Amino acid sequence: MSAGSSCSQTPSRAIPTRRVALGDGVQLPPGDYSTTPGGTLFSTTPGGTRIIYDRKFLMECRNSPVAKTPPKDLPTIPGVTSPTSDEPPMQASQSHLHSSPEDKRAGGEESQFEMDI
């Protein structure tokens, strides 16, 4: 930068705001404190930095090709990052859906694990 350059200031403008009158707080359940009716999410970091995610931006990120591709150099963990080698993934997920009444104990108690003695 040269010593002879001048800086021009832009005029300040007010930030547009909108006030919404809420009744007794019933309109906002506890999970919706950081969202707006338009779908914008906002939060702050422990350092005080404000983070605002617009709904349109989040939807674009969700539908982007980058979000649909798996990360590179992902380790192979059977059953977590890849299907188990013993059974296909469809059979594994369906086996949990069809549990017989004999598997469950009376009174809602289920054993944490089984042990042969």
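Glycine is treated like the rest: Cβ placed from N, Cα and C.
In Swiss-Prot, the motif 'TOS motif' annotation falls on 113-117 of the listed ranges 18-22, 113-117. Distance from the CA of THR76 (phosphothreonine) to the CA of SER64 (phosphoserine) is 25 Å. For THR76 (phosphothreonine), the recorded positions whose C-alpha atoms fall inside a 10 Å radius of its own C-alpha are SER82, out of THR40, TYR53, LYS56, SER82.
Reduced to three states, the DSSP call for THR76 (phosphothreonine) is coil. Its own atom aside, the Cβ of THR45 (phosphothreonine) has 8 Cβ atoms within 10 angstroms in the protein chains shown. Taking the Cα atom of each, LYS56 (ubiquitin cross-link) and SER82 (phosphoserine) are about 32 angstrom apart.
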